[in-house]
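As recorded in Swiss-Prot:
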type: BINDING; residues: Gly77, Leu95, Met108, Arg109, His110, Arg111, Thr112; note: ATP binding site
type: DOMAIN; residues: 10-148; note: domain 'DAC'
Amino acid sequence: MEKEKKGARELDLLDIVQFVAPGTPLRAGIENVLRANTGGLIVVGYNDKVKSVVDGGFHINSAFSPAHLYELAKMDGAIILSDSGQKILYANTQLMPDATIHSSETGMRHRTAERVAKQTGCLIIAISERRNVITLYQGNRRYTLKDIGFILTKANQAIQTLEKYKTILDHAISALSALEFEELVTFGDVLSVLHRYEMVLRIKNEINMYIKELGTEGHLIRLQVNELITDMEQEAALFIKDYVKEKIKDPYVLLKQLQDMSSFELLDDSILYKLLGYPASTNIDEYVYTRGYRLLHKIPRLPMPIVENVVEAFGVLDRIMEADVQDLDEVEGIGEVRAKKIKKGLKRLQEKHYIDRQL
């Protein structure tokens, strides 16, 4: 598998947390060690750098099981697993990292874990004997796994926040859609909706972290998120395609740049203008016209390639609305039936958003 080829040492934080999430054999073994109050040190991955810090121990090379991990953790030394975590390679080893590597930890086990992680780049799992805490180290990163009850509480709070922000976003999008049909959208409206999309996506990403950490316990949270914001990334990407200055093939690149921004950058209009390809001095009250990707995509059973062809042919939503059935029929991939469907679909959306705006 691709993930096994990469090795645990190359995984990002979400993957690392999922690697030891409830429901995995590794987490089951770690929980056994926690309950026994023996503590432990586990290295995931074995390469030349790991070899250079390992001393002693004995070769196991057997399939991983929670019971084996529990028994081997009774000994003082570290346990070394394969990159995939599916094999126990060595047990009762002594780890001797470079003592000059800075460590902010105080306990011997955690100090060793931090130094080995920095020196080797591998995932190191330190199980505290007294505090019943699981700490993950990889490179310069440190992450303490939290109690499942605590994570569930935080996840449910985040779900409630997501619901509120999603409601605000829905109102903003509905108002924007009405303005799009009336050709009254300003750059201020665009930036406002862009902010709201990003806030919803950030909350979703935070909840995804909780879901990964919860493992099998996060199933209901995942269902709630999926029900709340299905296809949110796609809608945000189409919104960007509607308003970016120059046409782009992959709006997800800009969406990723948006999500990588700090909270301060997100509040800076000039940075958002630059992201969309406009001058930083753009007037917030200046009118801007949608291409129509997002609204056309809302018409049932209208494939994205057809949406692309329509926008390519007419340029902006206003011209699409002005086009008659014959004009639409001339677009590649659109026959008379589909042309009528587009006209009726846009008319229905226009009426819906007009009514929503009056409520």
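Just so you know, glycine gets a Cβ as well, placed from its N, Cα and C.
Features recorded in Swiss-Prot, as mapped to the structure shown.
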residue: Gly77; record: ATP binding site; DSSP (3 states): coil
residue: Leu95; record: ATP binding site; DSSP (3 states): strand
residue: Met108; record: ATP binding site; DSSP (3 states): helix
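If you average pLDDT over the domain 'DAC' (10-148) in this model, you get 92.
Around the Cβ of Arg109 (ATP binding site), 19 further Cβ atoms fall within 10 Å across all displayed protein chains.
Surrounding the centroid of the Cβ atoms of Gly77, Leu95, Met108, Arg109, His110, Arg111, Thr112, where the record places ATP, the chain contributes additional residues within 8 Å, namely Leu41, Ala78, Gly107, Ala113, Val116, Ala126. Candidate binding-site residues: His110, Arg111. Fewest other C-beta atoms within 10 angstroms, Arg111. The Cβ of Leu95 (ATP binding site) lies under 8 Å from the Cβ of Leu41, Val43, Val53, Val54, Asp55, Ala78, Thr112, Val116, each of which sits 6+ residues away along the same chain. Residue environment of Gly77 (ATP binding site) contains 20 other Cβ atoms, counted within 10 Å of its Cβ in all protein chains. Around the Cβ of Thr112 (ATP binding site), the number of neighbouring Cβ atoms within 10 Å comes to 23. The full span of the recorded ATP binding residues, Gly77, Leu95, Met108, Arg109, His110, Arg111, Thr112, taken as their largest Cα to Cα distance, is 15 Å.
Cβ neighbour count for Met108 (ATP binding site): 9 (other Cβ atoms within 10 Å of its Cβ, all protein chains included).
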